[in-house]
Amino acid sequence: MTKFTLTTLGAILAFLSTTNGFVIPSTIRGETALSMNKKKTKPRKSGGGGGGFAKKATAINIKTKKKAANPDFTYAGSIRPFPQSPTRIVDPAAVLSIPDYAIDGVPKKRGSAYEIEIKTPEEIEKMRKSGRCAREVLDIAGRLVKAGVTTDEIDAAVHAACVERGAYPSPLNYRNFPKSCCTSVNEVICHGIPDERPLEDGDIVNIDITVYLDGYHGDCSEMFCVGGKDAIDEKGIKLLQTTYDCWVKSMELVKPGVNYNVIGKTIEDYIKAEGFSTVRSFCGHGIGSVFHTAPNIFHYTVNQDLQEMQVGHVYTIEPMICEGFADPYMWQDDWTATTADGGRSAQFEHTLLVTEDGVEALTGKIETSPLQFWEEESAIRKGIWLGTTPTPQLNYFDAPTSHLTSKPSKAKSKMPLHKYCTRVLHMVSIRNGSSYRGGSRSPLWLAYLPQIVMLFLVATTCFYSGILVGMKMNAAPSEQSRSTTLSVDEVEAEVLRRLKLQQKEIFEKMPEEEAKRYGDRAFTQMMYAKIVTVQLINRMGYDVLFQDVDLVWYKNPLPFFHDKENPSHNFDILFQDDGARSLRYAPYSANTGFYYVRNNDKTKFLFRSLLFLGDMVLSMTSHQQALAALLDEHSSLTGLRVKTLSGSEFPGGYHYHRKKEIDFMRDIATGKHIPYLLHMSWTTNKANKLLFLKQMGLWYTSEGCESGGAVDLAKDSSGTSLQQKCCSAEALISCHYRDKPSTHACNGQGKNIDVKGKPFW
């Protein structure tokens, strides 16, 4: 009987079998027993064995041997292999370390088959960093998922993102696997090899990322929908939701003393009730300095005791849930495992640490991670499950630089800015479908400065890559064009010179009218102007104190900021906390009344990076989320230290508007307590904010000078100064809202601004 006949027979048998696990014999499937998640046919009581591959490897040098394809091979579903690009190479000098299989594909270091390793505090800290790195890379990959993008393009971005972080992409050449990540589309259960097939609307894609950073692996995967939820049919939506919910439900049971068998039982009981099946041929695994080790994590019911979880155990939970039959059908590449009946499969994965009081997701989502519909609609836990992973302090300053072709002539910092800049350029190019060049796809205000911004982008990217950039710069109107080779300092000096020449044109036109609402065109223009202003002042060598217009200082804050005995002096940026706890501002509550920026290499890098996120500012209609994302990233990228100031010295909207803060606000209103500032925030509009200021005794401008009145008075040639006409030596106090803080009792004056507001006094 021919192989075609045997394979076809196997597919027919799979269709006729029950969901309880008819397994096609490997001789029929033409399958080699292999897996990145160790295939196990029989569980051991110890729970050991590890998740290594069983495939025999041959010593080859980052090149995979491809056996001749059988043209008569039958595929179970609609997905077909497409051509693959050449295997990508990692320069060992560009990463902190490489795994022992990186050169010849053969893992040398093996964990215990049965004994589960208890990680030391030092090992756990390294795994936090590798886990965080894996999460960042996975988020980057996920943002690229859209119709027309190939999985090979995603693999290229993953490869670059890993290397930029000093990490080696763990799958690359592991047992001769040819790519840097796994991309499994529709019926592919796991280990799909990225290729040149364009993604299509309605596809569901699992992207599996593992990184090897400083000697330790971090492993995670997630599902993504091409075209979003609206492009997926109801059964596909149910599959994704059920897979996510059973996964979260199993993770929430993790704690010391729990038997490992509860994971599989929890998963299988949950998905069976929804009409789905769980893959038995692949499993989760222990992880650390070895890619796959003990314990095996079974995603189905095991009717025997396994080992118990202990503090310091680290492993993955990664259930693979299928629409129909869960038996894998192997492609000829000996890697790609699909369902035997062509039904779709879904999977999620975290690297988990057992802690004294539960579980820590070492690859847990971070505050900038995208929110998926299954997280919003979860029956188990709504919203992003962040785990309990703290932000690690990755020291990228110490990354090796021997791979640079040359060194800059005037480098003042070891900060490898080229890693960040090239990544930003790549992401912008992918998002916009073209290079980043200003204009209609860029922020509105950026259109005024296309040459300047591109000058920054090109110069800093090339300069910090160790290559001095030669470029033609348009001269000032009175000069001729000149060709020169510039350092980054000279480039920025040229930018400042150009701004001085163009400031009249730029700032007279922007904005031509005030913002009518938060996030409109004028508001967004001003936000980008704010970014440019802070960046330039910071670059000129000054500390920057930037504040909202409605923030009022009671005391001079500069002695506080400059006091070297003050614990806050050790922080690079200080924010005032206005009490907003929206996820968009996490983790630093960057929706703030002011920020104080110390001038150093870290803050220069931060605000230069913020300058490059113009497209994000435009899409979010504010700079705040872009800033929050960078703060989070730079705290790990460069060790940037951020402090949010709150409490009695820096009160904000939380104190002004919350009822339980009435006594505190009375002390301020009566002068019993004098804070550094008051930023009331949280107001309906500008007019209503003005009334708050008036009744707090913080308004010194006469009524005739409000709005446009001052403009008319300024034209008066009577000789009286505008200051004399408009400014009062004493606060102009009046009551407007009796349920808001005021310097004295309103005695029945005013009205309530809150529906159920009670008198403040």
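Placement of Cβ uses the backbone N, Cα and C atoms for every residue, glycine included.
Going by TrEMBL, these are the annotated features:
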- 1-21: signal peptide (SIGNAL)
- 34-54: region 'Disordered' (REGION)
- 125-356: domain 'Peptidase M24' (DOMAIN)
- His191, His292: substrate binding site (BINDING)
- Asp208, Asp219, Glu349: divalent metal cation 1 binding site (BINDING)
- Asp219, His285, Glu318, Glu349: divalent metal cation 2 binding site (BINDING)
- 445-469: transmembrane segment (TRANSMEM)
- 494-692: domain 'Nucleotide-diphospho-sugar transferase' (DOMAIN)
Using the centroid of the Cβ atoms of Asp208, Asp219, Glu349 as reference, list every other same-chain residue with Cβ within 8 Å of it (recorded divalent metal cation 1 site), in sequence order.
Ala134, Ile209, Thr210, Cys220, Ser221, Thr316, Glu318, Thr351, Thr363
Taking the Cα atoms as reference points, how far is His285 (divalent metal cation 2 binding site) from His292 (substrate binding site) in Å?
6
Consider the binding-site residues Asp219, His292, Glu349 and say which one has the Cα lying nearest the Cα of Glu318 (divalent metal cation 2 binding site).
Glu349
Can you tell me how many other Cβ atoms are located within 10 Å of the Cβ belonging to Asp208 (divalent metal cation 1 binding site)?
26
Could you tell me the C-alpha distance between Asp208 (divalent metal cation 1 binding site) and His292 (substrate binding site) in angstrom, no decimals?
14
Fewest-neighbour residue among binding-site residues, criterion Cβ within 10 Å, set Asp219, Glu349
Glu349
Between His191 (substrate binding site) and Glu349 (divalent metal cation 1 binding site), how many Å separate their Cα atoms?
13
Out of His191, His285, His292, which of these binding-site residues shows the lowest number of other CB atoms within 10 Å of its CB?
His191
From the Cα of Asp219 (divalent metal cation 1 binding site) across to the Cα of His292 (substrate binding site), what is the distance in angstrom?
10
Please work out the number of neighbouring Cβ atoms within 10 Å of the Cβ of Glu318 (divalent metal cation 2 binding site), leaving out its own Cβ.
27
Summarise the model confidence on the domain 'Peptidase M24' (125-356) as a single mean pLDDT, whole number.
96
